[in-house]
Amino acid sequence: MADKPSDEKILEGLAEIVEEVAGVSPDDVTPEKSFVDDLDIDSLSMVEIAVQAEDKFGVKIPDDELANLKTVGDAVKYVSAHV
Amino acid sequence: MTALRITQGAAATRLLGVGSHQPERVVTNDDLSKIMDTTDEWIRERVGIRERRFAAKDELLVDMAVIAGSKALADAGLAPSDVDTVILANCTMPTPIPNGAAQVADRIGVKAAGAFDLNAACAGFCYALNTASDLVRAGSARRVLVIGAEKLTDWVEPTDRANAIIFADGAGAAVVGPAETPGIGPVVWGSAGDLVDMIYMRDDRWIYQEGQSVFRWATTQIAPIALRALEVAGLQPSDVDVLIPHQANLRIVEAIAKRLRAKGAREDMVVADDIVHSGNTSSASIPMAMDHMRAAGRVKPGDVALLIGFGAGLSYAGQAVICP
């Protein structure tokens, strides 16, 4: 089994996904940012981000869990705990 | 034991003609923002719709079906007597009894037609198209008029900002008949009844959807089914001239197109975006899109079109066809 990715690696990977899905600059994707309020990402884009994150990190992010991922930091923590 | 004689049908089938009908009344996003908490920008970003058509109180589902069906017959250059079976795909009749197909057949002038309604929600047209094709191939029918018609506004709470912005009214139709060379490919269809709660009538009255779950299902599970529909027809993704997914949400349509292009579909493949001006008309959306795109010159006779319907049930069906 591959080594578990560091939080920095997960953040970097998430930033790439957020850029591809929503056109947000990776520099803006920092842990304290709220997806909805700061990055202006809507609920359907969140699903696209979740689907791509599942493929990239090999985790499952069900819709009811997705609702709890308010900030980029929440998502990094979730992926890190489930990878 | 006595053996029964059975029918022999056509070796292959094709689409002989298409037609569609929309109600007169255009409803813009600004119109909707006057009766609910929404904006033009919000709607365009979430679902890609700019305007849709709502039927008048006295314009019924069967009325729209009759007009679309008659246009499809005319497009095929056929008289009502050339057809012996009518399938009406829909999920929004005002009452379960009587069905709509018998009335539609009678009003179009198809005498004593084999006529039945088929409910596979937004997958209904593709289900009905395959059923029609198989009836002709088996010899149960000579030619079949297949119609998808919906009056969704009867079943959407008028100020529900999640659904009233999406659903609309209209009808689309196609005539299926025998052919020398196959113009309707084998269907890939199925259902996922375990996910029934994702789209249903809340309180037995108003359409309700788990938006995020439906979006995830449609954007991840439908493209693989569309690819299988190509495979069983002996086609490659690069063979597709026109992609006509059910017009559920422009973002779903674009997500399906993106996944197909990642598997080799061409960049110049035409992708149906009829939802922009028609909204989501459930079982009517695919034939209506084909008819509108052909009228606009975006679809030509002989083009390979990939149809894929998906919706409540959950149910899905897709097939490759040659455009008439």
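From the backbone N, Cα and C atoms, a Cβ is placed for every residue, glycine too.
Some features that TrEMBL has for this protein:
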DOMAIN    B:116-193  domain 'Beta-ketoacyl-[acyl-carrier-protein] synthase III N-terminal'
ACT_SITE  B:Cys122  active site
DOMAIN    B:230-321  domain 'Beta-ketoacyl-[acyl-carrier-protein] synthase III C-terminal'
ACT_SITE  B:His246  active site
REGION    B:247-251  region 'ACP-binding'
ACT_SITE  B:Asn280  active site
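Sequence features, as recorded in TrEMBL, placed on the structure.
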residue: B:Cys122; record: active site; DSSP (3 states): helix
residue: B:His246; record: active site; DSSP (3 states): coil
residue: B:Asn280; record: active site; DSSP (3 states): strand
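Counting only same-chain residues 6+ beyond the ends of the region 'ACP-binding' (B:247-251), those with a CB under 8 A from a CB of the stretch are 46-49, 122, 166, 214-215, 218-219, 272-276, 278-281, 285-286, 289, 310-311.
Counting residues per DSSP class in helix, strand and coil order gives 22 helix, 28 strand, 28 coil for the domain 'Beta-ketoacyl-[acyl-carrier-protein] synthase III N-terminal' (B:116-193). Counting in whole angstrom, B:Asn280 (active site) lies 8 from B:His246 (active site) by their C-alpha atoms. Over all protein chains present, the Cβ of B:Cys122 (active site) has 32 other Cβ atoms lying within 10 Å.
In this structure, the C-alpha atom of B:His246 (active site) lies 7 angstrom from that of B:Cys122 (active site). Of all Cβ atoms in the protein chains displayed, 35 besides its own lie within 10 Å of the Cβ of B:His246 (active site). Counting every protein chain shown, the Cβ of B:Asn280 (active site) has 26 other Cβ atoms within 10 Å. Averaged over the domain 'Beta-ketoacyl-[acyl-carrier-protein] synthase III N-terminal' (B:116-193), the predicted model reaches a pLDDT of 97.
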